[in-house]
Amino acid sequence: MLVVSFVRHGESLDNLRSVWAGHADAELSELGMRQAAALGESYATTRLTAIITSDLKRAHSTAKALFDGQPDPKPTFTVTREVREQLFGDGEGRPWLMSRIPNKSLKDHFKDEQYPILFNRDERFPNGESLNDVAARADRAIRNLVLKPHLSKAALSGAEDVHIAVVSHGLCISELIPALLKWNHGGASAKDYRGLMNTAWTRVTVQAKPGADVGDLPEDLDNLPPLVITVTDVNRHEHIDNVKRTKGIIHYDPKQRGIREFFGGGGVKKPVDALEHAESNAMDEVEVEESK
C-alpha cells in the first residue's frame, strides 16, 4: 500500500499577524518550533519512506523536525517549490479583508492596496496565483513527486508499505489532496480539505482495486490498474494538544476567545482556542460564505 500523509507546517511568525502569507518566507515561531518537535516525536514509531517538503522556511523546518525524529535508515528528503503555498503577489504581507467594500470593484481595491478574500478560483491578486494555478502545481507534484517515484508494484500488490510525508501549507494541501484523489477509480467526491491546524496531518491510502492485475506499472502512469484511494484521517493534531504558548514569548491578544471572534463571525469547522493555535490565511483556517 502507498500511504501519503499531508502535514501542515508549524506556526510561523506571519501566522501571528492578520496578513496574506504565501511565499513570504517567515520562520517558525517559538510555539511553531515546539509543535514541529512534537510532530517529530509523534512520528518516531511511524517509519517514513520519503519526506517531500516546501522550500519555505516554515515548512522546511517542520519537515526537518519530522526527519530528525525518524529512526535509521532515514527517509529520503526532497525540497521543492511545487508544494509552496499560494502566491499572493502584491498582497503578500498586506492585511487581509474578510469582505469587499460595497460598490467598489476588485481592481479599485487593489489600486488602494486593499486585499479582500477572493471567492472565485480563477481570481488572483496582482502578480499572484489563483487557486486554479495552485491546483495545477498540485497536479504536477502528485504525478511527478509522489506517484511516479513511489507507486511501486510491490506497494499496489500489498507486498510492501510505502509511506510518504508531504509537508506543505494549508491552501496548497487543500489542492494536493484532491489532486491525488483524482486518480481514484470512479472519481472522488468534492470535499473541502481546508482548515488544517499547525502541524496537523491528513492521511490518504492508495492501493490497487481488489482483483486488478497490477502487472508492470507504466512509467507515464497513463495505464495504471484501477486504484482505490481513501482518505483515512483528517486534521489529526493530538500531538500538539498539550503544546501551550509560552507566556511572554510573543505579544498576543488575550481577549481573542476563538476563531469565530478572530475572523469577525465567519463560520468555522471546529471551535479552536486561538490563544494556542494562531491562524494564518483567512480562507485556509475558516470556511467563509460569500455575502449574498
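Going from the start of the chain as shown, residues are counted 1 onward.
From the backbone N, Cα and C atoms, a Cβ is placed for every residue, glycine too.
Copied from TrEMBL, the annotated features are:
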- HIS9: active site, tele-phosphohistidine intermediate (ACT_SITE)
- GLU85: active site, proton donor/acceptor (ACT_SITE)
- ARG8, HIS9, GLY10, GLU11, SER12, LEU13, ASP14, ASN15, ARG58: substrate binding site (BINDING)
With a 10 Å radius around each C-beta, find which of these recorded positions (ASP14, GLU85) has the fewest other C-beta atoms nearby. ASP14
Looking only at C-alpha atoms, tell me how far GLY10 (substrate binding site) is from the residue listed as 'active site, proton donor/acceptor', rounded to the nearest Å. 14
Spacing of the two Cα atoms, GLU85 (active site, proton donor/acceptor) and ARG58 (substrate binding site), in whole angstrom, works out to 11
Spatial neighbours, same chain, of HIS9 (active site, tele-phosphohistidine intermediate) - Cβ under 8 Å, 6+ residues apart: LEU28, GLY32, ALA36, SER54, LEU56, ARG58, ALA59, SER61, THR62, VAL167, SER168, HIS169, ASN198, THR199
